[in-house]
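**Student:** Quick one: structure below, then a few questions.
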Amino acid sequence: FNMESDSFEDFWKGEDLSNYSYSSTLPPFLLDAAPCEPESLEINKYFVVIIYALVFLLSLLGNSLVMLVILYSRVGRSVTDVYLLNLALADLLFALTLPIWAASKVNGWIFGTFLCKVVSLLKEVNFYSGILLLACISVDRYLAIVHATRTLTQKRYLVKFICLSIWGLSLLLALPVLLFRRTVYSSNVSPACYEDMGNNTANWRMLLRILPQSFGFIVPLLIMLFCYGFTLRTLFKAHMGQKHRAMRVIFAVVLIFLLCWLPYNLVLLADTLMRTQVIQETCERRNHIDRALDATEILGILHSCLNPLIYAFIGQKFRHGLLKILAIHGLISKDSLPKDSRPSFVGSSSGHTSTTL
């Protein structure tokens, strides 16, 4: 998931790029950029800034509330609660980088190489960890509902190990960003936070595009489809009081995941094929790809503020947990608390079959 602060592809007018001799004034790793006249994107830039700001605020509020409720619910905290706590942290940390990326959309990258590396690393780590945690949640729901038994992941030390492993793997996958990203300066182009890999940029870019699409989308998607597919089949066969509600939540999980990430990954694949000259690059195609990347990237960013809605606000237990916190601090009357309010807002994964997320 590469959120590039500026587009370098278009500098001069032209249609067929096959015979073009690229300007030597550009950095070596930008020589694969298409010499096209960029379309006016000033309105789009400010529109993106507004979207980033809204997502930042919603994600900050939503994920903070999720973390607050889970941390308060020490008694009866389930495996899924632990995953959701880490997921909320990942989305929250990702959201904290949005103001910097928003500023770079307007002014270019003015924050220097050190912050370029740090912010890019933080963004990538939390992107990978968020997606991998979603897959872990689907596995936990699969084990709890389909097998309806106490799983090995119920052991606290193992759950902590899984979460630490996810963060470690995410850091490992994000290391190329830390190594190769720097502030890029070029004539007539705003400075940007971009990968500098020397003369092998095209080959490295292909590898760095395959990694996030594989580990950040395809593999988690296959895991989610497998787990939720069998979970739905079990719910169809079973006669559970909350079956229909659980089905709506599961459908929402898969649907929102697809809506947010499938368009971006498809466009990213087309962009990779064009940059590596598998598909011939023209100015018209480049402009179409750039616009599509900007639009679908916003969908991916929106996912960070939708997670609290999908995994928490739909469930009654989250609302009960939040009401408990408000009652403890005297903000509401304890009489207004539901009688069946429980500490865990996603359901336990041990001893019984939970049908809510």
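Note: Cβ is positioned from N, Cα and C throughout, glycine not excepted.
Pulled the feature table from Swiss-Prot, pasting it below:
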| type | residues | note |
| --- | --- | --- |
| DISULFID | CYS116-CYS193 | disulfide bond |
| CARBOHYD | ASN19 | N-linked glycosylation site |
| TOPO_DOM | 1-45 | topological domain 'Extracellular' |
| TOPO_DOM | 73-81 | topological domain 'Cytoplasmic' |
| TOPO_DOM | 103-117 | topological domain 'Extracellular' |
| TOPO_DOM | 140-160 | topological domain 'Cytoplasmic' |
| TOPO_DOM | 181-205 | topological domain 'Extracellular' |
| TOPO_DOM | 229-248 | topological domain 'Cytoplasmic' |
| TOPO_DOM | 271-291 | topological domain 'Extracellular' |
| TOPO_DOM | 313-357 | topological domain 'Cytoplasmic' |
| TRANSMEM | 46-72 | transmembrane segment |
| TRANSMEM | 82-102 | transmembrane segment |
| TRANSMEM | 118-139 | transmembrane segment |
| TRANSMEM | 161-180 | transmembrane segment |
| TRANSMEM | 206-228 | transmembrane segment |
| TRANSMEM | 249-270 | transmembrane segment |
| TRANSMEM | 292-312 | transmembrane segment |
**Student:** Count, for each of the disulfide-bonded residues CYS116, CYS193, the other C-beta atoms lying within 10 angstroms of its own C-beta, and report the residue with the smallest count.
**Tutor:** CYS116
**Student:** Taking residues 6+ outside the transmembrane segment (249-270), which of them lie with a CB under 8 Å of any CB in it?
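**Tutor:** Distant Cβ neighbours of the transmembrane segment (249-270) are 1-2, 131, 134, 138, 141, 209, 213, 217-218, 221, 224-225, 228, 231-232, 235, 279, 289, 292-293, 295-297, 299-300, 302-303, 306, 310-311, 314-315, 356-357.
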**Student:** Is the transmembrane segment (206-228) in contact with the transmembrane segment (118-139), using at least 3 Cβ pairs under 8 Å (sequence separation of 6 or more) as the test?
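**Tutor:** Result for the transmembrane segment (118-139) with the transmembrane segment (206-228) is yes.
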**Student:** Mean pLDDT for the topological domain 'Extracellular' (103-117), as a whole number?
**Tutor:** 89
**Student:** Are there residues at least 6 beyond the ends of the transmembrane segment (206-228) whose Cβ is under 8 Å from a Cβ of it, and what are they?
**Tutor:** 1-2, 124, 127-128, 131-132, 134-135, 138-139, 141-142, 173, 176, 195, 250, 253-254, 257-258, 261-262, 265, 268-269, 272, 276
**Student:** Six or more residues out from either end of the transmembrane segment (82-102), which same-chain residues have a Cβ under 8 Å from its Cβ atoms?
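**Tutor:** Cβ under 8 Å, 6 or more out: 3, 5, 48-49, 52-53, 55-56, 59-60, 63-64, 66-67, 70-71, 111, 115, 119, 122-123, 125-127, 129-130, 133-134, 136-137, 140, 159-160, 163, 166-167, 301, 304-305, 307-308, 311-312, 346.
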**Student:** Mind tallying the topological domain 'Cytoplasmic' (73-81) by DSSP state, helix then strand then coil?
**Tutor:** 3 helix, 0 strand, 6 coil
